[in-house]
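Report on one structure; see the data block that follows.
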Ligand code: BGC
C-alpha cells in the first residue's frame with residue numbers, strides 16, 4: 001500500500017514558543033520569528049470583546065496583526081464574482097475589528113521607547129487569573145534604562161470593558177519621561193490573499209468615523225460600520241496619579257486620539273497609569289445617546305481599580321475551572337494543551353444569545369470571524385457538559401437566525417423549511433465557494449445534533465418547547481425537499497447534490513455522513529414533535545405540521561440509503577467515491593500539504609483522498625447505530641486516505657481509535673489535537689486558534705478515553721486509557737448534577753458531587769450513584785475489536 005505522508009499522528013516534539021506549564025503561557029524572550037503566533041496564543045476575550053496579545057507599544061517595522069474584535073458585530077460587503085449565478089451568496093460578513101485601545105508607549109529625551117531597544121522581555125498569561133502580564137527592560141541610545149510592566153484584562157464580569165495597568169521605572173537615571181496612551185482606529189491592515197482561510201481585515205475599510213473627541217477626561221470615537229446597521233463607540237479613560245503633570249489630550253488625526261502625561265522621575269521612581277477602554281455597539285437608528293450612555297458606564301466602571309477588576313476576574317476563572325477543568329496525570333505538555341483549549345473556548349464563546357463562536361474564536365482574522373458547523377458538532381457537545389448555560393445561548397443564537405434560514409431555503413428553491421448558512425455572522429449565507437459551502441447541507445443536521453446533545457445532557461424541556469423543536473422541525477423539512485425515494489433502488493431515500501464534511505470531495509450523491517445524520521435528525525424531530533403534541537400544544541398547528549408530514553419523515557428515515565460496499569465491506573463515502581483513483585501519497589512531498597493550497601480543487605475531487613473525517617465522523621456521532629466490526633472496517637479503510645489537512649479531523653480519529661481499543665493511535669491523534677495551536681502544527685495559528693479542534697480535544701478525552709456516550713437511559717462510560725495517560729479526572733454537568741470521573745491506578749471512579757442520585761453505566765453495567773459515595777470499576781482493556 002502507498003505511504004501516506006501525514007502531518008498528523010506523529011508524536012511531535014513540543015515546538016511552540018511558550019514554556020510548558022500546567023497553568024501559564026509564558027514567553028521568556030520576544031520571539032521575532034513568531035510574533036504573530038504569540039499574539040494569537042496570548043489573546044484575551046470574554047465572549048464579546050476579543051483582543052490579540054499584541055504589545056502596548058506595537059512592533060515597529062515587524063509583522064504584527066493588531067486586532068480587537070466585537071463578537072456578533074460585522075461589516076458587510078458584496079462578494080465580487082467573476083461569473084455569478086442565481087442563489088449565490090451575495091454578501092460577505094466580516095467580524096468587526098474596532099479601535100485599538102491597548103496602545104501605550106513612552107518617550108525619553110525625544111526617543112520613542114520601542115521593542116528594538118529591549119534588553120529583556122517576558123510575558124505571561126495565567127489561566128487561573130485571566131490576566132496577561134508583561135515585564136521588560138529598555139535602554140536608550142545614551143544608556144538610560146527603564147523597567148516597564150503592564151497587566152491587561154478583558155473583563156468577564158463587565159463584557160464591554162478592557163483594562164490595563166502600566167508602569168515605568170527609571171532604573172539608572174533621573175529625568176523627564178512622557179507616557180502616551182492612544183485609541184487608534186487607523187492601524188495597519190492584515191491580509192494574506194493567497195490563503196483562502198484568511199480574511200482581509202482592514203479597519204479603515206470597515207469603520208466610517210462619525211464623531212470623535214474628548215470630554216470630561218474621556219476620549220471617544222463613534223463609527224458607523226460599513227454595509228451594516230451597526231454603530232460602534234470606543235471610549236477610553238485614564239487614572240494618572242497626582243504626580244503626573246502637563247496632562248494633554250490630543251487628536252492626532254481623524255481616528256487617532258492620544259492622552260499624554262509628563263513625569264519627573266528620580267532614579268528608582270515609577271510612573272504608572274490605569275486605562276479603562278469601553279466598547280459598545282448599537283443599531284444605527286438608535287445611536288442618539290450611545291456616546292452619553294458609554295460615558296456614564298465608563299465613569300462608573302473606572303471606579304474599579306485594576307486590582308479590584310483583577311480580583312473579580314480571578315474569581316470568575318475559579319468558578320470556570322471548578323466546572324470545566326480536566327486533569328491529566330504524567331504529561332505536563334498535554335495538561336497545558338487541554339487547559340489552554342478549554343480556556344480559549346470559554347473566552348471566545350458568545351454568552352448573550354446574539355453571538356456565537358467563530359472558527360477562530362475572537363483571536364484573529366481567520367475565516368473572517370465566521371461561524372460554522374464547528375459550533376454544533378464540536379463545541380456544543382463539550383459545553384453541554386461543562387457550561388450548559390453557554391451551550392444554551394449558542395443554540396439561542398441559531399434560533400434568532402431561523403427566519404434568515406427560512407429565507408435562504410426559499411432562495412435555494414425549497415418551498416418549505418429552513419436552510420442554515422454554511423458560514424455566516426449575521427445569518428446570511430457568506431460562502432463564496434458553494435461546492436465547499438452552501439452544498440454542505442449537513443449544517444442542518446449539525447444543528448439538530450447539537451439540540452439533541454444539549455437536551456440529553458440538560459433535560460431542558462423549556463428550551464425544546466420554546467425554541468429547540470421549532471428549529472428541528474424547520475430544518476427537518478429540508479431533507480424531504482432535498483431528497484427523494486428512488487424507485488431504481490427499491491424506494492430507498494436518497495439525497496443528491498451535496499457535499500459532506502470532507503471538503504476534498506464535493507457535490508456528490510448520497511454522502512454517507514449526510515444521509516446518516518439526516519436519518520438521526522428526522523427520527524429525533526418526529527420524536528420531539530410527538531412529545532410536544534402530547535402536551536396538546538397548538539404549536540404544531542402554527543407550524544402546519546401534520547401527522548402525514550411526520551409519517552413521511554419517519555418513512556424517509558426508515559428507508560434512508562446507507563449502503564455497505566459488498567466487496568470492501570465498508571460504507572462508501574458517497575455513490576462515486578470508491579470508483580475513483582486513490583491519491584498517490586508516495587508521490588506527494590511533505591511540502592504539498594495541505595493539498596488545498598497546492599492543487600486545483602478538481603484535481604483533488606477526482607481522487608480518493610480526504611481532508612477530514614467523514615464516514616468515520618458519522619461512526620463516532622451515531623454511537624451504537626453501527627457495529628464495532630463495521631466501525632473498525634471503516635476506520636481501517638478511510639484512515640490511510642485521510643490527510644487530516646483540516647484541524648477538525650485528528651480529534652475524531654482519536655475517538656474512533658479509542659473506541660476500538662487502538663490506544664497508541666488514539667493517543668497520538670489526541671496529542672496532535674491537544675497542542676495544535678500551542679505548537680502551531682498547521683502553521684496558521686497566527687490567524688487565530690482552531691476552536692473546533694480545541695473542543696474536539698475535550699471530546700477525545702471524554703468521549704474517547706473515558707468512552708462517554710450520552711443516551712436516553714443515561715450516561716454510558718467505557719474507559720480505556722493509553723499507557724501514556726495513567727490518570728484522568730474531569731467533571732460533568734448532567735441534568736442538574738455534577739458528576740466526577742477519575743481514573744487512578746487502573747480503576748475508574750465515579751462520584752456524584754451534587755444533585756439527586758442517578759444510575760450511570762460502566763461498560764454496560766448499571767451503577768447507582770448517591771452523593772459522595774464513589775463507585776470504582778476496573779478500566780477496560782485495549783483492542784476491543
Ligand atoms: C473545514 C470545515 C470547517 C472550517 C472552519 C475547514 O477547513 O474543512 O469543516 O468548518 O474549516 O473551521
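Note: Cβ is positioned from N, Cα and C throughout, glycine not excepted.
Computed from a predicted structure; not experimentally measured.
Here is what TrEMBL records for this protein:
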| type | residues | note |
| --- | --- | --- |
| ACT_SITE | 503 | active site, proton donor |
| BINDING | 373, 374, 611, 612 | substrate binding site |
| DOMAIN | 27-279 | domain 'Glycoside hydrolase family 65 N-terminal' |
| DOMAIN | 339-699 | domain 'Glycoside hydrolase family 65 central catalytic' |
| DOMAIN | 708-769 | domain 'Glycoside hydrolase family 65 C-terminal' |
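Mapped onto this structure are the features recorded in TrEMBL.
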| residue | record | contacts (Cβ under 8 Å, 6+ apart) |
| --- | --- | --- |
| 373 | substrate binding site | 422, 440, 442, 443, 446, 501 |
| 374 | substrate binding site | 357, 359, 648, 691, 692, 695 |
| 503 | active site, proton donor | 436, 596, 611, 612, 646 |
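Look at residue 374 (substrate binding site): DSSP puts it in a helix. Residues in the domain 'Glycoside hydrolase family 65 C-terminal' (708-769) partition by DSSP class (helix H, G, I; strand E, B; coil) as 0 helix, 40 strand, 22 coil. The Cβ of residue 611 (substrate binding site) has 22 neighbouring Cβ atoms from other residues within 10 Å, across all protein chains displayed. Residue pairs drawn from 373, 374, 611, 612, the listed substrate binders, are separated by up to 16 Å at the Cα level.
When averaged over the domain 'Glycoside hydrolase family 65 N-terminal' (27-279), pLDDT in the model lands at 92. All protein chains considered, the CB of residue 612 (substrate binding site) has 23 other CB atoms within 10 Å. Taking the mean position of the Cβ atoms of 373, 374, 611, 612 as the substrate site, the remaining same-chain residues with a Cβ inside 8 Å of that point are 372, 377, 501, 503, 646, 648, 649, 692. When secondary structure is read from DSSP and collapsed to three states, the residue listed as 'active site, proton donor' falls in the coil class.
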